[in-house]
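Here's what TrEMBL has on this protein:
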DISULFID  Cys41-Cys117  disulfide bond
ACT_SITE  His72  active site, proton acceptor
BINDING   Asp73, Val76, Gly78, Asp80, Ser82, Glu91  Ca(2+) 1 binding site
DISULFID  Cys74-Cys79  disulfide bond
DISULFID  Cys123-Cys326  disulfide bond
BINDING   His194  heme b binding site
DISULFID  Cys201-Cys233  disulfide bond
Amino acid sequence: MEYYHHSINKMAMFMVILVLAIDVTMVLGQGTRVGFYSSRCPRAESIVQSTVRAHFQSDPTVAPGILRMHFHDCFVLGCDGSILIEGSDAERTAIPNRNLKGFDVIEDAKTQIEAICPGVVSCADILALAARDSVVATRGLTWSVPTGRRDGRVSRAADAGDLPAFFDSVDIQKRKFLTKGLNTQDLVALTGAHTIGTAGCAVIRDRLFNFNSTGGPDPSIDATFLPQLRALCPQNGDASRRVGLDTGSVNNFDTSYFSNLRNGRGVLESDQKLWTDASTQVFVQRFLGIRGLLGLTFGVEFGRSMVKMSNIEVKTGTNGEIRKVCSAIN
């Protein structure tokens, strides 16, 4: 009899935990699941994949562009495709978003999908899938993308004011990520997306010539790397010139980015700080598999962190809409 009551109590506790878990999921808006379109539009994911691959073959810069676009979408009003909407004061006109690229890739995939499954697949989901496929195109590991997001109806430039910035301290970066439910490991993993892509000299130059108004360079830059960066971004040169964020491996999704941080060869100020701050350095070391520390496989952990990020404040069920065209609300 005592065992019977003990079993009942355990079952009751399990049910309470289950209800709490479901409640938390609903509060967070996480109603996505892998294979959401498997019956309603079974070709959706393969269309996105082939579209990304085709555009990447003619312009490899779309891969980091789409990945960054997804990140910026999720950090502003959640992963709802609001970054895709056009308009004079839309999200994509905000300063951090003005150099985003890959909008044509998402629209291309949407047009193909609408032709066979009208009104079914959201632009937010297409963007999430395209981000994964962009990593795969650059030789990164794949992961399963939960789908079922709906598209937002609001897109304002003013809402993009608190995106992570290239000059942020690690404490500020951690705060911005924690606000979205992402921890320090997620921060380091997701910033590892800088293993592909470029930055403009405009966001690098002060670090090379007048760091924190000192009249000199950032002392954390490796002495042999500084002349290389200064040659690429002269003091009075073209501010729009692009510089690879992962020197020596700009088109490959790998751990070279973390090796560069360890060697003082991070290009962005915020990136290099991930090595100089002890709380983030440990994750850089673990992604590099440094002896004595429990290693982490970057590609695997990046996928896990991407799934977490892609579920930020998602709209599901009857919230939002399924846009007919990604650049405009219905």
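Cβ atoms are placed via backbone N, Cα and C, with glycine included.
Unlike curated records, TrEMBL annotations are generated automatically.
Location within the structure of each feature annotated in TrEMBL.
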residue: Cys41; record: disulfide bond; Cβ within 10 Å: 18
residue: His72; record: active site, proton acceptor; Cβ within 10 Å: 20
residue: Asp73; record: Ca(2+) 1 binding site; Cβ within 10 Å: 30
residue: Cys74; record: disulfide bond; Cβ within 10 Å: 28
residue: Val76; record: Ca(2+) 1 binding site; Cβ within 10 Å: 28
residue: Gly78; record: Ca(2+) 1 binding site; Cβ within 10 Å: 22
residue: Cys79; record: disulfide bond; Cβ within 10 Å: 29
residue: Ser82; record: Ca(2+) 1 binding site; Cβ within 10 Å: 27
residue: His194; record: heme b binding site; Cβ within 10 Å: 26
residue: Cys201; record: disulfide bond; Cβ within 10 Å: 19
(message) Can you tell me the CA-to-CA distance separating the residue listed as 'heme b binding site' and Cys201 (disulfide bond), as a whole number of Å?
(response) 16
(message) Restricting to the disulfide-bonded residues Cys41, Cys79, Cys117, Cys201, Cys233, Cys326, which ones have a CA within 10 Å of the CA of Asp73 (Ca(2+) 1 binding site)?
(response) Cys79
(request) Round to a whole number and give the Cα-to-Cα distance in Å for the pair Val76 (Ca(2+) 1 binding site) and Cys117 (disulfide bond). (result) 28
(request) Going by Cα-Cα distance, pick out whichever of the recorded positions His72, Gly78, Asp80, Ser82 is nearest to Cys201 (disulfide bond). (result) His72
(request) Could you state the whole-number distance in Å separating the C-alpha atoms of Cys233 (disulfide bond) and Ser82 (Ca(2+) 1 binding site)? (result) 33
(request) Would you mind reading off the Cα separation of Asp80 (Ca(2+) 1 binding site) from Cys117 (disulfide bond), to the nearest angstrom? (result) 19
(message) Let me spell it out: for each of the disulfide-bonded residues (Cys117, Cys233), count the other Cβ atoms within 10 Å of that residue's Cβ, using every protein chain shown. Which one has the most?
(response) Cys233
(request) With a 10 Å radius around each C-beta, find which of these disulfide-bonded residues (Cys123, Cys326) has the fewest other C-beta atoms nearby. (result) Cys326
(request) Note the Cβ centroid of Asp73, Val76, Gly78, Asp80, Ser82, Glu91, the recorded Ca(2+) 1 site, then list each other residue of that chain whose Cβ lies within 8 Å of it, in sequence. (result) His72, Cys74, Phe75, Leu77, Cys79, Gly81, Ile83, Gly152, Ser155, Asp159
(request) Starting from Cys326 (disulfide bond), work out which of the recorded positions listed here (His72, Gly78, Glu91) have their Cα within 10 Å, and give them in sequence order. (result) none
